[in-house]
Amino acid sequence: MESSAKRKMDPDNPDEGPSSKVPRPETPVTKATTFLQTMLRKEVNSQLSLGDPLFPELAEESLKTFEQVTEDCNENPEKDVLAELGDILAQAVNHAGIDSSSTGPTLTTHSCSVSSAPLNKPTPTSVAVTNTPLPGASATPELSPRKKPRKTTRPFKVIIKPPVPPAPIMLPLIKQEDIKPEPDFTIQYRNKIIDTAGCIVISDSEEEQGEEVETRGATASSPSTGSGTPRVTSPTHPLSQMNHPPLPDPLGRPDEDSSSSSSSSCSSASDSESESEEMKCSSGGGASVTSSHHGRGGFGGAASSSLLSCGHQSSGGASTGPRKKKSKRISELDNEKVRNIMKDKNTPFCTPNVQTRRGRVKIDEVSRMFRNTNRSLEYKNLPFTIPSMHQVLDEAIKACKTMQVNNKGIQIIYTRNHEVKSEVDAVRCRLGTMCNLALSTPFLMEHTMPVTHPPEVAQRTADACNEGVKAAWSLKELHTHQLCPRSSDYRNMIIHAATPVDLLGALNLCLPLMQKFPKQVMVRIFSTNQGGFMLPIYETAAKAYAVGQFEQPTETPPEDLDTLSLAIEAAIQDLRNKSQ
């Protein structure tokens, strides 16, 4: 059935006016949609009226159920639609603006039910729709008109439910009187129980000196405070009855049996320097200092609070805390300077009134050079006379002729130039692969204030040296100063060899540095007393070198065949002579 070119105005649906567009041909689905919308509109109008004179009253006889409409097919102009309504009804419901898949589970009173089962007694309102706005039309893939309709002869039932917001979760009301603090967490102070979550006790009076404050810690669910009391005890817990190993007390407190001496003085806190830095307690006053110590809980992992009470007590009992193990971290090179050690010992430094400026410092400006500063004396080139390579090599050869070089060594001094340092590090790597060598780590030199001794001091020293050892030992010439020592920025390294072979081998690696950087690198030979080697493991190699020069080689070269044959003939001739 095709409609005309212009669609006429529908009196039941005034929102749709005449359109000049050519409408699409009506399908059974669109016809069923129009039929359902008409039925729903009447029902909505009947519910909205509710005796209101602004809405027209509808007689109950004009309202018919879906079953009555299907039976009265002759009066219904859409009887051709009702004949195959069983297959199209679900699609018409979607086109009518109702999507059953998007609706949530709601009560039955808020649903629209359409059933083909016969009713015993017709009711005036068999279709109930609330005034909830209907969702937009949607077509799911299962209800698409392109799919083949399902064949069924059974009576069907379609339940259409409008969307409603999800029901909130009802929680039981909790009265304020029912909220009580946990009974496991209590604080006892002066034989009184205080129902609070935590307590900070600061005593300044002599009457409260030596009194005991106990805090019974709660389980993991109880809140932890920033401060605590001298004793923290956990309540009875089912897990605490298990045979667990005793946990160490982080504060070193005694057990509950010996709680009489829990409040002790800090007179024995000097056993550990690290502990004395953290707790500074006065011996004359009776003040107790509170400090927070957070630890791990026994089973729940909750942080426990404790209070450290420090004060003088007449009983004399004292409980020492645990000694904290000092760190074995290797200090930096700057922390090992003499200047830093003197500052740690509170050595006073004189602060000269000089003008600090960049540039070279004259020799007579001693106070400016040794002012109290952390900067080093910087040198682009080495500030002393550098010997030549021939002098260094000649000194090494003289030492090697004696066959013992345990009193000789090689000293390398170089500036902190990046290029120089890279070359020196490469030589250090090669020296590390050689045998019988003792290498030092590059170190700095610190310098003190220069002073010129008067002639009488020089005379006393010379006389003591001429008299002998006893006079030199008794000589006390200590001249001190109050200026700050300064370190130079050039590095020093010492190489000690066990045999002349190793001394010359190390020197052959170091002399090219001196040749490449004549003003930044210096190599020289120094002498020591007969103190031996850096380790006694090199003594065997040194003795073997000295003995090896006087021993004959163990392997003799093989004799020629001619010489061997002549020897055999000579031996035969000797035997003949003896036989005669």
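Glycine too: its Cβ is placed from the backbone N, Cα and C atoms.
Checking the candidates Ser62, Ser115, Ser203 against Swiss-Prot, the annotation phosphoserine falls on Ser203. For the ranges 469-472, 501-504, 521-524, 565-568, the feature annotated in Swiss-Prot as motif 'SUMO-interacting motif 1/SIM3' maps to 501-504. In Swiss-Prot, the annotation motif 'SUMO-interacting motif 1/SIM2' applies to 410-413, one of the ranges 38-41, 410-413, 494-497, 510-513.
Checking Lys175, Lys476, Lys519 against Swiss-Prot for the annotation SUMO cross-link singles out Lys175. Among Lys148, Lys180, the residue that Swiss-Prot annotates as SUMO cross-link is Lys180.
Sequence-distant contacts of the motif 'SUMO-interacting motif 1/SIM2' (410-413), counting only residues of its own chain at least 6 positions beyond either end whose CB sits under 8 Å from a CB of the stretch, comprise 382, 424, 490-497, 503, 506-507, 510, 513, 521-526. When pLDDT is averaged over the motif 'SUMO-interacting motif 1/SIM1' (199-202), the result is 54.
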